[in-house]
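Here is the structure we will look at.
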Amino acid sequence: MTTIVGVRAREVLDSRGFPTVEAEVELEGGARGRAMVPSGASTGTHEALELRDGGKRYLGKGVRRAVENVNERIAPELVGMDALDQEGVDRAMLELDGTPNKANLGANAVLAVSLAVARAAAEALGLPLYRYLGGVQGVTLPVPLMNVINGGKHADNRVDFQEFMLVPAGAGSFAEALRIGAEVFHTLKAVLKEKGYSTNVGDEGGFAPDLRSNEEAVELLLLAIERAGYTPGQEVSLALDPATSELYRDGKYHLEGEGKVLSSEEMVAFWEAWVEKYPIRSIEDGLAEDDWEGWRLLTERLGGKVQLVGDDLFVTNPERLRAGIERGVANAILVKVNQIGTLSETLEAIRLAQRSGYRAVISHRSGETEDSFIADLAVAVNAGQIKTGSLSRSDRLAKYNQLLRIEEELGRAARFLGYAAF
């Protein structure tokens, strides 16, 4: 009943209007699974390869080659395999690809099929996806890290840092956290309008006003939290993703919006000052992906005070994470399924992080779809935290709404850790 009898893919569009891969898997008993893959704007150099067509069509962003790889190369390999053997299915695709970064088939082709297989298996067993992936122990609803002010590569403004996030960890449930976040988001819109700033939104649904500095973004968030009736650092704290790999050139950090060029040690001192001044709970990619010595210093100075998340640093890769653990850098990993390219490898990275005392933060990408797989994944692995954008754009809300459904379905079994998740 769970034997794979059909695998096919098609080209669909993501939230930025560029093509991505959607795969469908059909099982012998009639169950079907479908999955779409996201795409990042600021990508780590160590990520698995997203296969694009090049040429004029879709400005070079087409994915016909990846779709063809699913239909003509992956499908014949997987037909006849058991969808319940996720590791076996993923291993077969990895062997077929034969490269360390999935450059042959494309991580977008491999991942779409990998996720669709899991969905089909869950459907065949009559289980919700989070229960299939996590068993009876997957009951933790994540604290949302809501990207409400966008800068860097996610927006056209003078803000160097990419994401300024609300963390409504003082809530008692996911539903309450979502409500608090929404109230602050709408209050922030009113504050921006009052100050004459644009309320246009960036890729992830956050506002992208042309602010004068990175610090102004933080001050506006604190004002919005207070205006909404909450206390910064209590009901709502802050998280940052400065995406500093995008600012790192010739061994220095170039904060062009502020006219500063900082060394690694100066960048660490910068973060120390901000953590002292503001209610910051988490800093993601506070230093560049290959600045290992800088990361060691950052972890030494701030690792006991705030969550230090490696995104470009680890790229959801168990080998990169192992190296980081051995060197004692960061204390959390950002998990993006398309950075590594299969569900099995993603779960391996999460398990390694959790065994090693590192937090795992499940994350979307800036180019998203209506697929809500990561919402179920966050609950399944008891991640405790999720990054899936702001309180606008339906591609972001799809994940939040799925989490609301899961919390309702779990009922009294649902757990929400709040600040204990950090």
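Placed from the backbone N, Cα and C atoms, the Cβ positions cover glycine too.
Straight from Swiss-Prot, the features:
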- Glu204: active site, proton donor (ACT_SITE)
- Lys336: active site, proton acceptor (ACT_SITE)
- Gln162, Lys336, Arg365, Ser366, Lys387: (2R)-2-phosphoglycerate binding site (BINDING)
- Asp241, Glu284, Asp311: Mg(2+) binding site (BINDING)
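DSSP assigns Gln162 ((2R)-2-phosphoglycerate binding site) to coil, not to a helix or a strand. Around Lys336 (active site, proton acceptor), taking its Cβ as the centre, 24 other Cβ atoms fall within 10 Å, counting all chains. If you check the recorded positions Asp241, Glu284, Asp311, Lys336 against Glu204 (active site, proton donor), none has a Cα inside 10 Å of its Cα. Rounded to a whole value, the Cα-Cα separation of Asp241 (Mg(2+) binding site) and Gln162 ((2R)-2-phosphoglycerate binding site) is 6 Å. Sequence-distant contacts of Glu284 (Mg(2+) binding site), defined by Cβ-Cβ distance under 8 angstroms and a gap of at least six in the same chain, are Glu163, Ala239, Leu240, Asp241, Pro242, Ala243, Val309, Gly310, Asp311, Leu334, Val361. Between the candidate binding-site residues, Gln162, Ser366, the densest Cβ environment within 10 Å is the one around Gln162.
Comparing the binding-site residues Arg365, Lys387 by how many other C-beta atoms lie within 10 angstroms of each C-beta, the top residue is Lys387. Secondary structure at Lys387 ((2R)-2-phosphoglycerate binding site), as computed by DSSP, is strand. The CA atom of Lys387 ((2R)-2-phosphoglycerate binding site) is located 10 Å away from the CA atom of Lys336 (active site, proton acceptor). In terms of local Cβ density within 10 Å, Glu204 ranks first among the recorded positions Glu204, Asp241, Asp311.
In this structure, the C-alpha atom of Ser366 ((2R)-2-phosphoglycerate binding site) lies 11 angstrom from that of Lys336 (active site, proton acceptor).
When the Cα atoms are compared, Arg365 ((2R)-2-phosphoglycerate binding site) and the residue listed as 'active site, proton acceptor' turn out to be 7 Å apart. The two recorded residues Lys336 (active site, proton acceptor) and Gln162 ((2R)-2-phosphoglycerate binding site) have their Cα atoms spaced 17 Å from each other. Look at Glu284 (Mg(2+) binding site): DSSP puts it in a strand.
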